[in-house]
Amino acid sequence: MTEPRGVLLMAYGTPASLDEVEAYYTHIRHGRPPTPELLADLKARYQAIGGVSPLNDITRRQAAALQARLDAIDGPGRWRVFLGMKHTRPFIQDIVREMAASGVKTAVTLVLAPHYSTMSVKSYQTAADQAAAEAGPRLWHVDSWHLQPQFLQALAERVTAALARLSAGAPSDGAVSDGRSAPSASDGTPGGTPATVIFSAHSLPERILEADDPYPRQLRETGEAVARLAGVTDYTFAWQSAGRTDDRWLGPDILDVIRQLAGQGRRRLVVCPAGFVADHLEVLYDVDIDCQRLAAELGVQLVRTASLNDDPLFIAGLADVVRARAARGDHDE
Ligand SMILES: CC1=C(CCC(=O)O)c2cc3nc(cc4[nH]c(cc5[nH]c(cc1n2)c(C)c5CCC(=O)O)c(CCC(=O)O)c4C)C(CCC(=O)O)=C3C
Ligand SMILES: [Fe+2]
């Protein structure tokens with residue numbers, strides 16, 4: 001019997017309690033502690049979404065679902081999924097050592113973020129590479145999967161469901177997620193003004209553009225493909241959640257885009273945070289609280305697409321990504 005092949009699934013991580021926010025924020029800031037003001041502001045945002053983010057739970061469910069899906073396809077024992085976090089325990093580096101110690105010789109690495117950037121995906125890979133340099137395993141990285149068909153299909157279903165909620169006159173209350181089973185026969189326009197879909201992702205410092213980073217182009221490609229699948233022609237792009245630093249961040253910011261669309265008379269908006277695959281602070285606070293507050297002020301209706309979380313279609317897509325990367329690795333040997 002061949003030894004199990006590893007999957008190193010990597011995710012951002014979130015503090016397990018409010019007490020851990022300071023250490024977490026310091027880690028994100030490369031060891032520089034945040035000012036008391038920045039820390040209080042971040043804690044207040046976690047408090048506003050219930051004190052802790054659901055991200056760690058969801059990430060673990062995604063890992064378990066990926067394991068189950070790979071077992072279902074290739075049989076139990078063929079794959080072993082490990083989960084490492086960028087900014088909280090269990091850290092990526094520790095998990096790589098654990099993989100090596102448990103006899104995994106080769107692992108596919110996959111970041112739970114669809115779009116590649118040197119400032120996002122690359123930093124996960126570097127953390128893994130540094131740890132693997134000591135005792136292995138050999139790592140086969142997946143850089144991006146922003147056009148993976150099941151991922152696109154799952155997003156398109158959610159856009160369609162969000163448009164249906166808009167046309168059903170849903171209140172402007174992003175806390176309510178649209179279900180995948182909602183009626184889908186709508187372009188969001190019956191009798192009303194047309195709806196606009198905003199595809200968003202986490203902003204990054206503008207200096208990524210100097211090195212021709214693929215991140216903005218990949219978000220555009222995801223949005224265009226999802227719009228095509230959902231039959232949506234009225235859509236645009238925005239960046240959200242820019243950091244509180246002195247850098248210039250990629251724009252336009254999503255709040256400015258909402259203002260601008262409202263100024264053009266758009267009254268019905270769907271936000272599809274296509275750069276994220278789970279419910280967490282950037283979705284539950286930055287969209288569901290910040291964007292919703294602005295939409296209410298402007299008198300526009302805003303619905304957010306449901307997050308992918310451990311949706312079976314999405315997880316099946318991730319399993320395909322892993323298997324395709326391993327097949328390419330085997331072929332290249
Ligand atoms: C590209 C990208 C993604 C998407 C890709 C991926 O997933 O990797 C992402 C996701 C996430 N970012 C998260 C949380 C935070 N990110 C921060 C700060 C920053 N993010 C950045 C980039 C990204 N971040 C950057 C360049 C900074 C500035 C760092 C600095 O200061 O130099 C800060 C500090 C405060 C603030 O700036 O808001 C927090 C709290 C959470 C977890 C939320 C939860 O706990 O539920 C998630 C999923
Ligand atoms: Fe972040």
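Cβ from N, Cα, C; glycine included.
So that you can see what the record holds, here are the features copied from TrEMBL:
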{"type": "BINDING", "residues": "Y12, R29, R45, Y46, S53, Y124", "note": "Fe-coproporphyrin III binding site"}
{"type": "REGION", "residues": "169-195", "note": "region 'Disordered'"}
{"type": "BINDING", "residues": "H202, E282", "note": "Fe(2+) binding site"}
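Here the features listed in TrEMBL are painted onto the structure.
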residue : record                             : Cβ contacts under 8 Å, 6 or more apart
Y12     : Fe-coproporphyrin III binding site : L55, M85, K86, H87, L112, A113, H280
R29     : Fe-coproporphyrin III binding site : none
R45     : Fe-coproporphyrin III binding site : L281, Y285
Y46     : Fe-coproporphyrin III binding site : P15, L18, V21, V52, S53, L281
Y124    : Fe-coproporphyrin III binding site : M10, K86, I92, T109, V111
H202    : Fe(2+) binding site                : S120, W239, Q240, S241, G275, F276, E282
Notebook entry, point to check: When the Cβ positions of the binding-site residues Y12, R29, R45, Y124 are compared with the atoms of ligand 1, which fall under 6 Å?
Noted result: Y12, R29
Next item on the list: Let me know how many other Cβ atoms fall within 10 Å of the Cβ of E282 (Fe(2+) binding site).
Entry: 22
Next item on the list: Report, as a single number, how many Cβ atoms besides its own are within 10 Å of the Cβ of S53 (Fe-coproporphyrin III binding site).
Entry: 24
Item checked: Distance in Å spanning the most remote Cα pair of Y12, R29, R45, Y46, S53, Y124, given for Fe-coproporphyrin III -> 25
Next item on the list: Using DSSP reduced to three states, classify Y46 (Fe-coproporphyrin III binding site) as helix, strand or coil.
Entry: helix
